[in-house]
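Novice: Pasting a structure here, questions to come.
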Ligand SMILES: Nc1ncnc2c1ncn2[C@@H]1O[C@H](COP(=O)(O)OP(=O)(O)OP(=O)(O)O)[C@@H](O)[C@H]1O
C-alpha cells in the first residue's frame, strides 16, 4: 500500500478565484473554498450560478469551454492547477465526472472503462485490474454488462459507467456534476449510496447537485453559489436548517426556525462593492453592501 499523504497534501484549496468566458462574461468572482482530505463538500445554487464553472476550473477543462482563470489560484496539495490542463489535474489525483453522463455510446462498457485514467500514462496491469475490481464491486451491474455497448445501457447505468470510468484513474478527489439529474428516484438513492461508499473508501468528493436534499445529506460542508459568488457556507446540517436553504433549495415554506436567529442574506441579494461576512452557528453569510435586491429563484 502506498503511504497516505499528509492531510494538507490531499486537500483542494480554491482562493479568490475569478473566471471569465470570452472577454466579457464573468462567471466566478472571488470564490474561495477548501475540500479537506476525505471530505464531501457540496455546491448548491440556481442555474447559471457558476457551479459547473468551478468544477471545470479545478479539473482543468475550462479552456475546452473558452473559459479562463483571471485571478486567484487553485491548488491540490502542493500542485498548482491553472484551469487549462486536465492531465495535470488527473495526475494530481483530481478527476471530474461531467454533467450529462457522457459515455462513448459506441464502445462497450469495458472499453469505456479502459479510457479512464489514460492521462496517467503507462500503468501496471495489476493497477488497472485493481481499479476495475473496485468499479465492479461498487457497480455489479456493470460487471454483468462488460461487452454491452454503452449506448444501450439505461440512464442510471450510464451514470454508473461515467462514475466508474472516473474511478479507473484512482482519484483522491472526485468532482461530480449533477450525478442524479434525470434519474428515477430508486436510481438517485443508489447513486447517493455509491457516493457515500466511494467517500468511505477514502476519496474526497466535490458534489454539484440540484437535488439539495440528497447533497446536504451526503456532505460535511456546503456552499451556496449565486451569480458567481459564494453567499452561504457552513456545515451541511446547519445550512440545511437556514431559512434561505429550506425555502430556495429544499422547497419548504419556512417560518423562522429556532436555530437561525440571524438576519439572512437570501438568494436575492445582488451586486456590490464591499464584502461583509457574519457568522452564526457555523454558517457564514457573505453579503455585499450597496446592492440592489431582485428576485432570483432556485432552479
Ligand atoms: N462555455 C461557455 N461560454 C460562455 N458562457 C458560459 C459557458 N459556460 C457557462 N457559461 C456561463 O457562465 C455562467 C455560469 O454557468 P455554469 O454552467 O457554471 O452555472 P451552473 O451553476 O453550473 O448552472 P447549471 O446548473 O445551469 O449548469 C452562466 O452565466 C453561463 O451562461
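Keep in mind that glycine also has a Cβ here, set from the backbone N, Cα and C atoms.
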Novice: According to TrEMBL, which of these ranges is region 'Disordered': 202-250, 251-299?
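Specialist: From TrEMBL, the annotated region 'Disordered' range turns out to be 251-299.
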Novice: Give, as a single whole number between 0 and 100, the mean pLDDT over the domain 'ABC transporter' (12-252).
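Specialist: Averaged over the domain 'ABC transporter' (12-252), the predicted model reaches a pLDDT of 93.
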